[in-house]
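J.: These came from TrEMBL, pasted as-is:
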{"type": "ACT_SITE", "residues": "Cys261", "note": "active site"}
{"type": "BINDING", "residues": "Arg70, Tyr208, Gly209, Gly210, Ser259, Asn375, Ser376, Arg377", "note": "substrate binding site"}
{"type": "BINDING", "residues": "Lys217, His237, Asp288", "note": "Mn(2+) binding site"}
{"type": "BINDING", "residues": "Ala260, Cys261, Gly262, Lys263, Thr264, Asn265, Arg377, Arg408, Phe501, Gly502, Asp503, Asn504", "note": "GTP binding site"}
{"type": "DOMAIN", "residues": "10-229", "note": "domain 'Phosphoenolpyruvate carboxykinase GTP-utilising N-terminal'"}
{"type": "DOMAIN", "residues": "233-587", "note": "domain 'Phosphoenolpyruvate carboxykinase C-terminal P-loop'"}
Amino acid sequence: MSTKLDSLKQWVDDVARLTQPDAIHWCDGSDAENDRLTELMLAGGDLLRLNPETHPNCFLHRSSPSDVARVEHLTFVCTPEREDAGPNNHWMAPEDAHAKIDGLFAGCMKGRTMYVVPYCMGPIDSPLARCGVEITDSPYVVANMRIMTRMGAAALARIEREGAERAAAGQKDVYVRGLHSIGELDPERRFIMHFPQDLTIKSYGSGYGGNALLGKKCHALRIASFQARSEGWLAEHMLIVGIENPQGEVHYVAAAFPSACGKTNLAMLIPPEGYRRDGWKVWTVGDDICWMRPGADGRMYAINPEAGFFGVAPGTSAKTNPNALAMLYKDAIFTNVGVTADNQPWWEGLPEGKPVKDWQGRDFDPANGPAAHPNSRFTVSAKNCPSWTPMAEDPQGVPLSAIVFGGRRESLVPLVFEARDWTHGVLVGASMASETTAAATGAVGVVRRDSMAMKPFAGYNFGDYFAHWLSFDQPGAKLPKIFHVNWFRKNAAGKFMWPGFGDNLRVLEWMLKRVTGQAGAVETPVGNLPKPSDLNIDGLELDAATLEALLQLDREGWKAEMESIGEYLDSFGDRTPHALKAERAKIAAQLA
């Protein structure tokens, strides 16, 4: 198998000359190919088979101990002008970046097979989908890309078709080129480089998910956000969930939270018992990435560009996320988890089982730390999820009723509020933040801003990114309502005030009633808040004083917050849109 597309053939030949592999394999995504690669990895120790009785077709991969997470300080956006990457990105001049990383790639695949992996982000026939080709020397990456994307012959056919059409029109190719090698897995020789204007990614020296599965953060967020800006759409770090009410109406909601703030839990939420009895259902479209664009009817339509979940294992349990746990008993790849005596995967947060080996394959000893690495992962097809909806395959996407932003704030920020309009909503997203905890930094309550949860992932200057968000407010647009949530308020005793998890549906219900004009709100300078009586708390052990505190506006605290937001917006200089600064000033004046 090769390709009819000259530009792709030429690029693969050029990479082979640079990296000098022993063999080249074009991936077709078939079961037979996957079986062969799995056997190869089992024989080489890259994969270990887990208990086939309890976890059929499930495998464990152990990464190098120095290669367990994304490496933001070694991740660069290489635009010709430094200012275009913005202060939110590490920058390197493109010619310097190519020279530095190509020097590492030279001869790096000697003794290895080079895999050519064509993939599609999004349903294969969707006009919102975009394609890419990743070249890698890691069969583990191939196996994961097969789960996380639509990978293989169908993707290559689309790339070739689009390539031929564009060549005939004298236009450049639109597929993303990703070159990856695990190299020597040396942290001192590790880079992840993005060249947005060339739709190119180069990643060297890591086999870890976000650094090596180039369809994920590298393509679907950093490159796609740049592409989306020029093409009039948005590539966002958001879950997509469908909420079906007892009348059978489904509203789709996209939500952006920073990592470890419950995106996967919300995407796979199980309604509280009373809601289930009444007929409420929750449908999962995606848990991490959302591509959206305005449709002909003015509404915003969204797809999940991914085909699988690459989730954090620790903390996943029948209590926190029953749907996630249920999908992990077959056809899954686990990375850096512990193992029980009968060879089942294990991680902290599981109530049963006892680890005998830790994530590095050592005999488990609590003195060495947790059995599963805190960033240990599972990779599994989205279709394994009990709450997955076939609407995730709709080529036109799903229409969004609401967009939700949220952070982890122990004080000040109410449980939920609604933005007054689109511009206010963009300010709410741009200024969203989480508080650091004492354990993390030694300084409690330091507010770290993470605009739209895209701080590590926006492929261009945040000031320009905010302006792009604002640009969707056009005549005739039927934009989603924007909300902000905070599930993490604590009381004076340091206890969470809101139960969270499935009970978050109570807050989503109020949002959707706001969308349909069926619920009231209290207007305040920072946004529209529900009255305590607007939230359904039937069956909740939540006293009136706690609920009132969750929905209170602390004017003095918000004055200081608005000052802090002003300083943050100023950090992007004259690229920060005037409309956002004016919106902030208006709120500050109303609070004064």
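From the backbone N, Cα and C atoms, a Cβ is placed for every residue, glycine too.
Relative to the rest of the structure, where do these features sit?
T.: Taking a C-beta cut-off of under 8 Å and a sequence gap of six or more, Cys261 (active site) has these contacts in its own chain: Gly406, Gly407, Arg408, Ser434, Trp487, Phe488.
Around the Cβ of Tyr208 (substrate binding site), a 10 Å sphere holds 23 further Cβ atoms from the protein chains shown.
Counting Cβ atoms from all protein chains shown, Asp288 (Mn(2+) binding site) has 25 others lying within 10 Å of its own Cβ.
A strand conformation is recorded for Arg377 (substrate binding site) in the three-state DSSP classification. Around the Cβ of Arg377 (substrate binding site), the same chain contributes Gly209, Phe310, Gly311, Val312, Ala313, Phe334, Thr335, Asn336, each under 8 angstroms and 6 or more positions distant in sequence.
Mean predicted confidence for the domain 'Phosphoenolpyruvate carboxykinase GTP-utilising N-terminal' (10-229): the pLDDT average there is 98.
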J.: Should any of the binding-site residues Lys217, His237, Asp288, Phe501 have a Cα within 10 Å of the Cα of Gly210 (substrate binding site), which are they?
T.: Lys217
J.: Using a Cβ-Cβ cut-off under 8 angstroms and a sequence gap of six or more, which residues of the chain neighbour Lys217 (Mn(2+) binding site)?
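T.: For Lys217 (Mn(2+) binding site), the qualifying residues are Arg70, Gly210, Pro456, Phe457.
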J.: Sort the binding-site residues Thr264, Asp288, Phe501 by C-alpha distance from Tyr208 (substrate binding site) and give me just the closest.
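T.: That would be Asp288, the closest of Thr264, Asp288, Phe501 to Tyr208 (substrate binding site).
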J.: What is the Cβ neighbour count of Ser259 (substrate binding site) at a 10 Å cut-off, with all protein chains included?
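T.: Within a 10 Å radius of the Cβ of Ser259 (substrate binding site) lie 14 other Cβ atoms.
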J.: With a 10 Å radius around each C-beta, find which of these binding-site residues (Arg70, His237) has the fewest other C-beta atoms nearby.
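T.: Result for the binding-site residues Arg70, His237: minimum number of other Cβ atoms within 10 Å at Arg70.
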J.: Taking Cα atoms as reference points, which of the binding-site residues Ser259, Ala260, Asn375, Ser376, Asp503 is nearest to His237 (Mn(2+) binding site)?
T.: Ser259
J.: Going by DSSP, is Asp503 (GTP binding site) part of a helix, a strand, or coil?
T.: helix
J.: Nearest to Phe501 (GTP binding site) by Cα distance: which of the binding-site residues Asp288, Asn375, Ser376 is it?
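T.: Going through Asp288, Asn375, Ser376 one by one, the closest to Phe501 (GTP binding site) is Asp288.
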